[in-house]
Each structure stands twice: as structure tokens, then as C-alpha cells.
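**Q** Taken from Swiss-Prot, the feature compositional bias 'Polar residues' covers 1-15. Residues or ranges marked as N-acetylthreonine by Swiss-Prot: Thr2. Among the features that Swiss-Prot reports, region 'Disordered' is placed at 1-26. Look at Swiss-Prot and you will find 2-37, 89-133, 183-193 tagged as topological domain 'Cytoplasmic', backed by sequence analysis. Residues or ranges marked as topological domain 'Vacuolar' in Swiss-Prot (evidence: sequence analysis): 59-67, 155-161, 215-219. The transmembrane segment feature in Swiss-Prot is assigned to 38-58, 68-88, 134-154, 162-182, 194-214.
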Amino acid sequence: MTSNVQLSETNSPRNQKTRPRAEKEEVDYMQRAQWLRAALLGANDGLVTVASLMMGVGSIKEDVKAMLLVGFAGLVAGACSMAIGEFVSVCTQRDIETAQMKRAIEHKTSLSAIDEQEEEEKKERLPNPGQAAIASALAFSVGAAMPLLGAVFIENHKVRMVVVAVVATIALVVFGVTGAVLGKTSVVKSSVRVVIGGWMAMALTFGLTKFIGSAAMQI
């Protein structure tokens, strides 16, 4: 008798309404987390790319204009590349999900009002390629602007190089901590990973550019 009452309660209209709502809230939360992680990765890419370019140019030229021009060119090129790549990727994902939804509808002989509402909600939750492209470009630009702003007002070359490295390191730590909080992982491990990766990129760009630049000048 008790089990029948419990079954009737779980199958009641009120519980059936609250379940989709809870599932929708969970999906919305997951989508927000994915957007935040994507923005974080884009900003990290922009930071490491432009800081590495500036360090590479700074290894062979002390002119602040050259560093800033190369950094700005890297910002524009990287933001455009990220936007185009994200747009194409999201368009492909949207096409695949739309095709799957059409096939699912074709398999059903008749759709109830609830099914139609669910299909409409699924269509509304499909990613927007334009929004994804703009968000990716903005995230990359924010990260790329940090080393540029750190170097723009410093005339001394050595101090400028140190400031770029310090600004990049601080930003990498912030990105690592934020990523760990979003992913609920170890803050220390995530921060160390991100910082070491950024340092390696800057060091390799600095070393290889200096080596090739010095060899080219001797020819």
C-alpha cells in the first residue's frame, strides 16, 4: 500500500513539472560554466600569444614601438582567428544537433504538446555562432591587452621586458585559480600548470627568436 502511494506521488503532475525545471536549471548552469571556461581559455591564449611575441621581438630589438606594433598585430590576428574558428566550430555543432533533432521528430508519428514544448526549448538552447565568435574574440583581446598595457608606458628596455613577464605571470595565476574554481580542482596544481606553460612559451619564443635573429644579423 505504501509503495503504491509513493509511486503515485512520484508520478504526480507536480513532480513531473518540477523535474524538467530542475533539469533545465542544471543545463543552464552547465552552459554558463562552459561559456566561462571558454572565455578563460581565450583570454589565456591571448595573454600567452602576445606576451611571447613581445618577448621574442624584445630579444633582438629594444625599440618600444616594434614591441607594441608586433603585440597589437598579434592581438588583431589572434582575435580574428579565434572568432572565425569559433564561428565555424559552433556552426558545425549547431548543424549536427539540428539534424539529430529532425531525425528524432521524423521517428515520432505524433508529437504531444509537451513534446513540442521540449523541442522548442531544445532549439532555443542551441548555441549561437555569432555570439560565440564575438565572445571568443573579446576574451582573446582582453588577455592580449594585458602585456600591451604593461609595456606601453615604460621606456627602459630591460624594465619593460621584466614588467611584461611579471604582468603575464600574475594574469596566468589568476586564470589558473579561476579555472580551478570553475572546474572544482586543485588550485595549486592548476595555477602551477598554467604558469609553467606560459613561461615555457615565452622562454622558447625569446630564445629561438634571439638565436635566429643573431644568426641572421651575422649573415
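Backbone N, Cα and C atoms are what each Cβ position is placed from, and that goes for glycine too.
The model shown is predicted, which means the values in this text are computed figures rather than measured ones.
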**Q** Taking a Cβ cut-off under 8 Å, which residues six or more beyond the ends of the topological domain 'Vacuolar' (155-161) line up next to it in the same chain?
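**A** For the topological domain 'Vacuolar' (155-161), the far contacts come to 55, 58, 62, 64, 67.
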**Q** Where, among 68-88, 134-154, 162-182, 194-214, do we find the most CB pairs under 8 A to the transmembrane segment (38-58)?
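**A** Most contacts with the transmembrane segment (38-58): 134-154.
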**Q** Which sequence-distant residues neighbour the topological domain 'Vacuolar' (59-67)? Criterion: at least 6 residues beyond either end, Cβ under 8 Å.
**A** 151-152, 154-155, 157, 160, 206-207, 209-210, 213-214, 217
**Q** Determine which residues of the chain contact the transmembrane segment (134-154) at the Cβ level, with the cut-off under 8 Å and only residues 6 or more beyond its ends counted.
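**A** Residues 35, 38-51, 54, 64, 67-68, 71-72, 74-75, 78-80, 82-83, 85-86, 160, 163-164, 166-168, 171, 175.
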**Q** Using a Cβ cut-off under 8 Å, which residues of the same chain at least 6 positions beyond either end of the transmembrane segment (68-88) come close to it?
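**A** Apart from its flanks, the transmembrane segment (68-88) reaches 42, 45-46, 49-50, 53-54, 56-57, 129-130, 132-141, 144-145, 147-148, 151-152.
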**Q** Same chain, outside the transmembrane segment (162-182) by at least 6, Cβ under 8 Å from its Cβ: which residues?
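**A** 33, 36-37, 40, 43-44, 47-48, 51, 54-55, 58, 143, 146-147, 149-151, 154, 189-195, 197-199, 202.
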